[in-house]
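TrEMBL has this to say about the protein:
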{"type": "SIGNAL", "residues": "1-23", "note": "signal peptide"}
{"type": "DOMAIN", "residues": "115-227", "note": "domain 'L,D-TPase catalytic'"}
{"type": "ACT_SITE", "residues": "His188", "note": "active site, proton donor/acceptor"}
{"type": "ACT_SITE", "residues": "Cys203", "note": "active site, nucleophile"}
Amino acid sequence: MHRIKVGATTGALLIALGPAATAAAVEPGIHRTHGIAAACTADTGPYQRQLEGYLGLARDGRQSKADCAAIRRFQTQQRIRPANGYANLWTYRMMLVAQAGRNPNKAGKCPVRRFKVTCVDQRRQLLWVQRGRKVVFGPVPMRTGRDGQETRRGWHRIYVKHRKFFSTLYNNAPMPYSQFFDRGQALHGTYHDLYNGGGSAGCVNLRLPDAKKLWKLLKVRDWVYVWGTKPGTGG
């Protein structure tokens, strides 16, 4: 949580973009020998069964050559690096995004309203924005609060936005594209790994490109709805 002043001057976030890399013919994380893709040799991953189920493979929780190749293809499609066939947390989280598809609110957990609602699904660690039944943003992966610092559930409203903000509580940590919705908790981008298995200090962390798009979409007084429990937390 962070103390901020409503009406504080909104700064500009400058993002340095390097030169575009030359596209390679080789899939990320795949080595080629004499034009042939290297064998897929990754071990069984912590999310093996989940990936096997999603990809229509035998759900035995044990890595096989066919499993490895199928997971690697999925990783390549999702731009996961390295694309090596290992069923890690990043791959599992992107599986949840793909699984949600165009109807992330199929279970009806996020209230349908005539106005925009930013839906924060803590169980699946997914965020999207809907107006009525139409999804206008996402779903995208996100990260909510760790155990003991959980993101507060329920209805909230964005009350201030800062394009460039630095934490007043956590060593001046950068919080780009911050949109505060409840007593210092905010939707914001992160420069760090979203898939490290931990959690935030209560904010909703997003990949930087997603945070930027969400910043452009939402306005002060727009609604945010948070529900569910983040895996590994008590509330």
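Heads up, the Cβ atoms here are built off N, Cα and C, so glycines get one too.
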Subject >> Distance [Cα-Cα, Å, rounded] between His188 (active site, proton donor/acceptor) and the residue listed as 'active site, nucleophile' >> reply: 7
**OP:** Drop a 10 Å sphere on every Cβ of the active-site residues His188, Cys203 and tell me which sphere holds the fewest other Cβ atoms.
**Re:** His188
**OP:** Within the domain 'L,D-TPase catalytic' (115-227) only, compute the mean pLDDT.
**Re:** 92
